[in-house]
Amino acid sequence: MSGYKRVLLKLSGEALMGDDAYGINRATIVKMVEDIAQVARSGVQVAIVIGGGNIFRGVAGGAVGMDRATADYMGMLATVMNSLALADAMRHAGLLARVMSAISIDQVVESYVRPKALQYLEEGKLVIFAGGTGNPFFTTDTAAALRAAEIGAEVMLKATKVDGIYTADPASDPAATRYTSISFDEAIVKRLQVMDATAFALCRDQGLPIRVFSIFKPGALLRVVQGESEGTLVHL
Ligand SMILES: Nc1ncnc2c1ncn2[C@@H]1O[C@H](COP(=O)(O)OP(=O)(O)O)[C@@H](O)[C@H]1O
Ligand SMILES: O=c1ccn([C@@H]2O[C@H](COP(=O)(O)OP(=O)(O)O)[C@@H](O)[C@H]2O)c(=O)[nH]1
């Protein structure tokens, strides 16, 4: 049904809150899993990176006087919690998922080992990469770009709160218009804040296209994987 054999899906941590003030909204996670199940059952190999902004955002902690690196480690641990919640929801939906963490917490979750991740994907299991890159001063978008490159994903799919990349942040500028496609260089030069420059640059250097689309739009993920025009494509 689609040209893609292997994709890396980045899910917004903040979107997991649904209409709640923080944490994980059950209905939201169940809906996300239904969308992922459709794609996985069509035979596409899916690896996932989920953020942690719904539980903890390092930059915000830094702003109130906390040591930035410590705050970032808390953010990485938040992504482990989200990954476990997501894997559990997948199990309920009858999907086989494995969580692999960039930070060793052996009693809780398996550590990231690249060949093992590749093996799981080939076996048709969903792989959730937790713990970000394992380093402070990075984001889960960068972790997603890194893992996408490592596993040879054909595209990085960023499912977020907005339905694509806009000329300015649509949350603060109602006059902003959406790009159907944009080059990496233009996205970096224009400092479009939808992703950080490190993540954009890594994808650009690896020739890895990114598609940004809405996490809330029903069926959007399937349409993206089928190669239909949805959201914004970032290309070389
Ligand atoms: N030029 C832009 N186009 C689209 N979204 C933008 C832009 N600039 C800033 N944003 C904001 O970026 C957010 C998505 O990025 P981020 O908060 O990192 O999401 P995530 O939680 O998915 O990592 C959106 O909520 C949107 O308001
Ligand atoms: O490689 C990484 C990935 C994440 N984080 C921390 O984890 C937080 C949660 O991730 P992010 O904000 O990217 O999640 P999302 O925006 O998707 O909710 C970040 O703010 C950082 O503090 C980090 O330090 N290194």
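Cβ coordinates are placed from backbone N, Cα and C, and glycine is handled just like the others.
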One of T160, T180 listed by TrEMBL as binding ATP at the site of K10, L11, S12, G13, G53, R57, Y166, D169:
T160
TrEMBL UMP site partner of G52, T133, G134, N135, P136, F137, F138, T139, T140, selected from D72, D106, D163:
D72
Between K10 (ATP binding site) and F137 (UMP binding site), what is the CA-CA distance rounded to a whole number of Å?
18
Name them in sequence order: residues not among G52, D72, T133, G134, N135, P136, F137, F138, T139, T140 whose Cβ is within 8 Å of the mean position of the Cβ atoms defining the UMP site.
G58, G75, M76, G132, T142, A143
Among G52, G53 [binding-site residues], residue with fewest other Cβ within 10 Å:
G53
According to DSSP, does T160 (ATP binding site) sit in a helix, a strand, or coil?
strand
